[in-house]
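Enquirer: Sharing a structure with you now.
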Amino acid sequence: MLLPLIILWPVVFKCSFASLSDPENWNCPEVSPSGKGSPACVGPAPFLIFSHGISIFRIDLEGTNHEQLVADAGVSVIMDFHYNKERIYWVDPERQLLQRVFLNGTRQERVCNIEKNVSGMAINWINEELIWSNQQEGIITVTDMKGNNSRVLLRALNYPANVAIDPIERFIFWSSEVAVAGSLHRADLNGVEEKILLQTSERITAVSLDVLDKQLFWIQYSRDGSNSHIYSCNYDGGSVHLSKHLTQHNFFAMSLFGNQIFYSTWKKKTIWIANKHSGKDMVRINLDSSFVPPGGIKVVHPLLQPKAESGTWAPDQKLCKWKQGNCRGSTCGQDSKSYSCTCAEGYTLSQDGKYCEDVNECAFWNHGCTLGCENIPGSYYCTCPVGFILLPDGKRCHQLIACPSNTSKCSHDCVLTSDGPICFCPEGSVLEADGKTCSGCSSPDNGGCSQLCLPLSPVSWECGCFPGYDLQLDKQSCAASGPQPFLLFANSQDIRHMHFDGTDYGTLLSQQMGMVFALDHDPVENKIYFAHTALKWIERANMDGSQRERLIEEGVDVPEGLAIDWIDRKFYWTDSGKSLIEGSDLNGKHREIIIKEDISQPRGIAVHPMAKRLFWTDMGINPRIESSSLQGIGRLVIASSDLVWPSGITIDYVTDKLYWCDTKLSVIEMANLDGSKRQRLAQNDVGHPFAMAVFEDHVWFSDWTMPSIIRVDKRTGKNRVRLRGSMLKPSSLVVVHPLAKPGAQPCLYQNGGCEHICKERFGTAQCLCREGFVKAPDGKMCLALNGHQIPAVGSEADLSNHVTPGDVLPRSEGFEDNITESQHMLVAEIMVSDADDCAPVGCSTWAECVSEGENATCQCLKGFTGDGKLCFDIDECEMGITICPPTSSKCVNTEGGYVCQCSEGYRGDGIHCLDINECQLGMHTCGENATCTNMEGNYTCMCAGSLSEPGQICADSTPPSHPMEDSHYSVRNGYRECPSSYDGYCLYNGVCMYIEAVDRYACNCVFGYVGERCQHRDLKWELRHAGQGRQRQVAAVAVGVVVLVLLLLLGLGGAHCYRTKKLSSKNLKNPYEEPSREGSSSRPSDSEARMASFPQPWFVVIKEHQNLRNGSQPMALKDGESADVSQFSSPEPGSVKRTSWRNEHQLYKDTEQGCCTPPSSNRGTGSQSMEQSFSVPSYEAQPIALGVEKPQSLLSAKPLLQQRAPDPPHQMKLIQ
């Protein structure tokens, strides 16, 4: 188990190196001979220190923070640095002094006096020693950092110079010169094992070490001094390599870091940066004008002075390091003889002497707070209750009594105290020394934080970053994580790319471009969109320049601005010739006019997809900055005053700030999205700004006065840096990075390139594999675990789920292979100041300044002619020097070139024109049953062997077929299947179809998804179906309740029937069983006889009313009639009202229809027996069913009603 850990332990702590172009998010170089790697760790930004004249300067690798550290360092300076001590040490041979200063330029002091003829110096940062060589005495001396305890390390050397050491490997290197021969030497730090690495007949003038790759570099001059070269070898003197591509003739000094070499030359006041292996990716840092070139150069970074491994420390240091293992969360005190653990202020050592514990200052009442104290790790702060504020001393609380008027001009607020009015600050801010200004989160500089300022206490705060950004070591700046960002910009005749520090400067598209001012990038499909002002069309292409396709070819006049809505998948452009703003989807379909009223000369345009707003500049009669919704409604004027030619415009999506520039006024301004808090960032020193971009902490804009790209701080407008290099009219700047356009979904396009699962994280596509698979080495495909060899740990295959580096690249993998060696290599120049050799020459806009030494000349660009100061366009079409095919195209002249405009029926790339097969593509107008035949530049329609006109319908010779409705056809109801090239166009199982009526491809989305490509989840559908689900649940519950109630009612009804039946069987007697009490022997009436003649059973339904009175009695009726029982005491003839039995409650036949059935016995009859047998309960409005068999007379029911009170009429029906 321990063996793999031991093997992998060095790998875990190695950081690989890819690039050094981001000043705030630097990748740590990998310690390997190849010098190649991938971004893996983050370190502080490196910077340069160099001598220039008699001063020492520092500058960032991007040209920022150029400042003087030492004003009078001496004429010939030999220097080195100690990173942990943050010091620069230098030797002034003329004054014979060793001096030092902090890296920030403070506390300059003399260390000691030294002897004459010092020819080289280096610092041993591990043993805390200074080593220098004396060329005349032939010795190398070692002293401590104060210049004391000197001892000679090496003697009897031949003119030693250019000392360099590697304390990790414990080697010292130096150069010597004897007669006409030069040589390189090596020894260990004990002064033994001296070895000659190389001997040459030429002079060696400078030596530098690459401590990361363990390489030795040196500058070698020819004897006559006419040329020089840079060589390298390993620490043993083997593998000597000549850097052929570094073609400068007068190398002076150099330094190395990672994959780059930094060097200066004798004749130019510049510092060059190039790839140390190939000599390419050259960048020139142009310094202030001076009559001397930069002298010694050193790159400052902690990786250039790494910590030592075990075995390289001094004995005392070893002991402290061994003791340090017992100190947890503390430090080892090296000044103590016991080498015990020590703790920082605010902590105390634990009883076992190994831990540092926090001291609770609030518990000891020695904090000095008047009302409240809050302990925090390592410190504390005072608090105040509600209604009180903490005074600036941070201890006392005072009741909040506002000053009558803010006469003290406090930046925040004022409180009235016994000592008078005092300014105070909100939580997270402190009062400055002036007693009025607050610094912290409430200050204009946001507490020095580039993004978030987070209050920690009333007097402290810390900086934070938005998701996707990393806080840098300065604890203030935020840098974007992920791949290295770069710039895209239209350069009039071509499209170029460049990293922020000027490296990787090249051309992306250059063939048949015409004039291009409008450009933008789609991060989802990784394509660029650009508009031609001369050719009057809009194109798009891949990032490697391939697959160019025209989107808008008609109705375009002067498109000068273009913006991509990467979320809603549309793009918008300004047309100053037609004075309108238009938009369409990313395929050029569904074109619509957005703004056409009250607009004069629109130029720059930007879109905010999250805010659903468009922003644009208008350079016309009423110059202004405006915005509207994406549909062109809700227009809002952002700015209309102090504007002349507002040109470029851009949006900071992190802070929701709007930036624009005015070409005529030469100003850069910013404001909120609604136009509030408008302020100027820069003025007068920005040339003629044309286009803008913003990312991280900087604003980029192009300058047409001195064709270049300038960068300033986006909050202050300071730290101006100019990038230039053979530029014409740079415009439409675009920053390419996943976080530059937040919210992009790269997984929407071709599943992000992933074979299985694609997940988006901060704008990048992360590929995952399903269970049972692992990622292939390309990071996109998946390999099955069964039957495939899984790459071993440490191989090139990344089996994790992290995003692979380089997902966003300025070019495709094979782009460099297509570049011929003869292609001109672009060289970017970082200009610290605007003073350069080309400034007084005054080259034409269409010319390039070529500076060689003290001379500078102007050369007209390709496609132009002149003396360089005046250049004129060459009309290639008129001169007949084009290659446009005359039969299929027309030559159109552009500035610096030409374009072959294809004739109707042809399509091309601007040079070549190919015939369009209208028949195959379905672009013909042949009628039904006609045969389309393609021709060169045209097509014909044939009807049964005879020629027909386009649109003519041919007679059908075959009977029409009637397909079944459920059959599948490629064309139905104006819809047609999409071609195979559109596979994957519709996402989430959507079905692609082509709608002929509108000439557009559309997606039929499955339920739950919406959007042009079904890329969005339908939240309304989800909410609607969630509501329907809840309704269905409620309905199910309601149905269940109803069923239960019905079952309960049925149970109650059955119980009631059973009880009624039981009571009837006990209490009711058959009227036919007992004789009449009155002894009546009268003959039954006709109706009674008629009723008695029926053998089937009968039952009576009696409907009672509330006002049924005593004495009411039912009447004997004929079959099928009803009687109204009126208010009477004895039956009277003619008092019965007969009605139809169908309209009232009835006397029903057939016992199965009743609620209950009487006994079926057939016994004696008579009214007397009925009177004694029936008992009618007094239920209100309730029908009562009574079963009888062959009743003789209904008059026998009279006794049943004699005891009741009089009621309203009662109706009965008798039905057979």
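The first residue you see is number 1, and the count goes up from there.
Cβ atoms here come from the backbone N, Cα and C positions, even for glycine.
Quick paste from Swiss-Prot:
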- 1-18: signal peptide (SIGNAL)
- Asn104: N-linked glycosylation site (CARBOHYD)
- Asn117: N-linked glycosylation site (CARBOHYD)
- Asn148: N-linked glycosylation site (CARBOHYD)
- Cys320-Cys332: disulfide bond (DISULFID)
- Cys327-Cys341: disulfide bond (DISULFID)
- Cys362-Cys373: disulfide bond (DISULFID)
- Cys369-Cys382: disulfide bond (DISULFID)
- Cys384-Cys397: disulfide bond (DISULFID)
- Cys403-Cys414: disulfide bond (DISULFID)
- Asn406: N-linked glycosylation site (CARBOHYD)
- 485-525: repeat 'LDL-receptor class B 5' (REPEAT)
- 612-655: repeat 'LDL-receptor class B 8' (REPEAT)
- Cys747-Cys758: disulfide bond (DISULFID)
- Asn818: N-linked glycosylation site (CARBOHYD)
- 834-872: domain 'EGF-like 6' (DOMAIN)
- Asn855: N-linked glycosylation site (CARBOHYD)
- Cys884-Cys900: disulfide bond (DISULFID)
- Cys919-Cys932: disulfide bond (DISULFID)
- Cys926-Cys941: disulfide bond (DISULFID)
- Asn929: N-linked glycosylation site (CARBOHYD)
- Asn938: N-linked glycosylation site (CARBOHYD)
- Cys978-Cys992: disulfide bond (DISULFID)
- Cys986-Cys1003: disulfide bond (DISULFID)
- 1034-1054: transmembrane segment (TRANSMEM)
- 1068-1089: region 'Disordered' (REGION)
- 1111-1139: region 'Disordered' (REGION)
- 1151-1177: region 'Disordered' (REGION)
- 1197-1216: region 'Disordered' (REGION)
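Set these features in their place in the structure for me.
Expert: Cβ-based neighbour count (10 Å, all protein chains) for Asn104 (N-linked glycosylation site) stands at 10.
Within 10 Å of the C-beta of Asn117 (N-linked glycosylation site) there are 14 other C-beta atoms, taking all protein chains into account. Asn117 (N-linked glycosylation site) carries neither a helix nor a strand DSSP state and counts as coil.
According to DSSP, Asn148 (N-linked glycosylation site) sits in a coil region rather than a helix or strand. Listed in sequence order, Cys112 are the same-chain residues six or more apart from Asn148 (N-linked glycosylation site) with CB atoms under 8 A from its CB.
Note: Cys362 (disulfide bond) has non-local neighbours Cys369, Cys373, Glu374, Asn375, Tyr380, i.e. same-chain residues 6+ apart with C-beta under 8 A of its own C-beta. Classification of Cys362 (disulfide bond) by DSSP places it within a helix.
The DSSP secondary structure for Cys397 (disulfide bond) is strand.
Helix first, then strand, then coil: DSSP counts for the repeat 'LDL-receptor class B 5' (485-525) stand at 0 helix, 22 strand, 19 coil.
Counting only same-chain residues 6+ beyond the ends of the repeat 'LDL-receptor class B 8' (612-655), those with a CB under 8 A from a CB of the stretch are 451, 466, 561, 563, 565, 568, 570, 572, 574, 576, 579, 581, 583, 593-595, 599-606, 661-665, 669, 671, 673-675, 678, 689-694, 699, 701-702, 714, 731, 733, 741-742.
Summarising the environment of Cys747 (disulfide bond), the number of other Cβ atoms within 10 Å of its Cβ, over all protein chains shown, is 21.
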Enquirer: Which whole-number value in Å describes the distance between the Cα atoms of Cys397 (disulfide bond) and Cys382 (disulfide bond)?
Expert: 9
Enquirer: Over the span of the repeat 'LDL-receptor class B 8' (612-655), count residues by DSSP class, listing helix, strand and coil in order.
Expert: 0 helix, 23 strand, 21 coil
Enquirer: Just checking the recorded positions Cys919, Cys926, Asn938, Cys986, Cys1003: which sit within 10 A of Cys384 (disulfide bond), CA to CA?
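Expert: None, since no candidate lies within 10 Å.
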Enquirer: Checking the contact step here: among the disulfide-bonded residues Cys747, Cys900, Cys932, which have a Cα within 10 Å of the Cα of Cys941 (disulfide bond)?
Expert: Cys932
Enquirer: Counting across all protein chains present, how many other Cβ atoms fall within 10 Å of the Cβ of Cys919 (disulfide bond)?
Expert: 17
Enquirer: Run through the Cβ atoms and count how many others sit within 10 Å of the one on Cys369 (disulfide bond).
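Expert: 20, counting other Cβ atoms within 10 Å of Cys369 (disulfide bond).
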Enquirer: Taking the Cβ of Cys403 (disulfide bond) as the centre, count every other Cβ atom within 10 Å, in any protein chain shown.
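Expert: So the number of other Cβ atoms within 10 Å of Cys403 (disulfide bond) is 17.
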Enquirer: Same chain only, sequence gap of 6 or more: which residues have a CB within under 8 Å of the CB of Cys1003 (disulfide bond)?
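Expert: Long-range Cβ contacts: Tyr985, Cys986, Leu987, Gly990, Val991, Cys992, Met993, Gly1011, Glu1012, Arg1013, Cys1014.
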Enquirer: Here's one to test understanding: among the recorded positions Cys884, Cys900, Cys932, Asn938, whose C-alpha is closest in space to the C-alpha of Cys403 (disulfide bond)?
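Expert: In terms of Cα distance, Cys403 (disulfide bond) lies closest to Cys900.
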Enquirer: Averaged over the repeat 'LDL-receptor class B 8' (612-655), what pLDDT does the prediction give?
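Expert: A mean pLDDT of 94 is what the model gives the repeat 'LDL-receptor class B 8' (612-655).
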Enquirer: Out of Cys758, Cys884, Asn929, the recorded positions in the record, which is closest to Cys414 (disulfide bond) when you go by Cα distance?
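Expert: So, of the listed recorded positions, the one sitting closest to Cys414 (disulfide bond) is Cys758.
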Enquirer: Taking the Cβ of Cys992 (disulfide bond) as the centre, how many other Cβ atoms fall within a 10 Å radius?
Expert: 18
